[in-house]
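Following: one structure in structure tokens, then a few remarks.
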Amino acid sequence: MARGCVCCVKYMLFLFNLLFWLGGCGLLGVGVWLSVSQGSFATLSPSFPSLSAANLIITLGTVVMITGFLGCLGAIKENKCLLLSFFIVLLIILFAELVLLILFFVYTDKVSDNAKKDLKEGLVLYKTDNNAGLRDAWNTIQGEWRCCGVMGHTDWYAALQVNQVPDRCCQHVFPGCGRNSSNAFWTRGCYEKVEEWLDDNKHLLGTIAMCVLVIQLLGMAFSMTLYQQIHRAGKKYEA
């Protein structure tokens, strides 16, 4: 391969990873902002208390930043070790994504049943101390999605041991509206609303997933191409 082509691949890989790194910085910034300003917004799952929106975004942003940094520095310095590390990291991420995707489709029903069970168990903690994050999460979701409970508003009756729901379940919200059974509540469960949203947006989500896959494959191809050319150039120089 001509030196000009090698330089083209080098700078394409650098630009690719620079954008990747900047995206990671943005995600990390959003995650930190959520953690600081919306610290009480936590997870709906009592089994995974650390699985909050802020923590997920911070983790994703950190991984993207590190991966982009390896690619940028490896490309601009033409460093074989960094390029190989970048390739291996992308390969591990790709393999993990494929494994999770396969497991999800194989155990879809089991995952769904366990998720419903876990979310219903989380309802019991709604009014307990030290669970403001879970409470705020449910209030936000029920208010934004116009839903109530996991499968329906009666989930709250079993969880709270009274015929009462959070005020955000009311179609017309005012303080204490959830205590009056004569008020109109959102009858659809939040789990059903999320499933409906995923079904309505499956083509968009599929397109995003394919774009991510193509970007990963291009990154792996560019890094390995540049690695091989640097390796061959090193052998010629030694000879």
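Note: Cβ is positioned from N, Cα and C throughout, glycine not excepted.
Source: prediction; values computed, not measured.
Copied from TrEMBL, the annotated features are:
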- C148-C170: disulfide bond (DISULFID)
- 12-36: transmembrane segment (TRANSMEM)
- 56-76: transmembrane segment (TRANSMEM)
- 83-107: transmembrane segment (TRANSMEM)
- 204-227: transmembrane segment (TRANSMEM)
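The stretch in 12-36, 56-76, 83-107 that contributes the largest number of Cβ pairs under 8 Å to the transmembrane segment (204-227) is 83-107.
Remote same-chain partners of the transmembrane segment (83-107), defined as residues 6 or more beyond its termini with a Cβ less than 8 Å from a stretch Cβ, comprise 17, 63, 66-67, 70-71, 74-75, 213, 216-217, 219-220, 223-224, 226-227, 230. With a cut-off of 8 Å between Cβ atoms, the residues of this chain six or more beyond the transmembrane segment (12-36) that come close are 53-72, 74-76, 86, 215, 218-219, 222-223, 226. With every protein chain in view, the residue among the disulfide-bonded residues C148, C170 whose Cβ has the most Cβ partners within 10 Å turns out to be C148. Long-range neighbours of the transmembrane segment (56-76) within the same chain, counting only residues 6 or more positions beyond its ends whose Cβ lies under 8 Å from a Cβ of the stretch, are 10-11, 13-14, 16-32, 34-35, 82-83, 85-86, 89-90, 93, 219, 223, 226.
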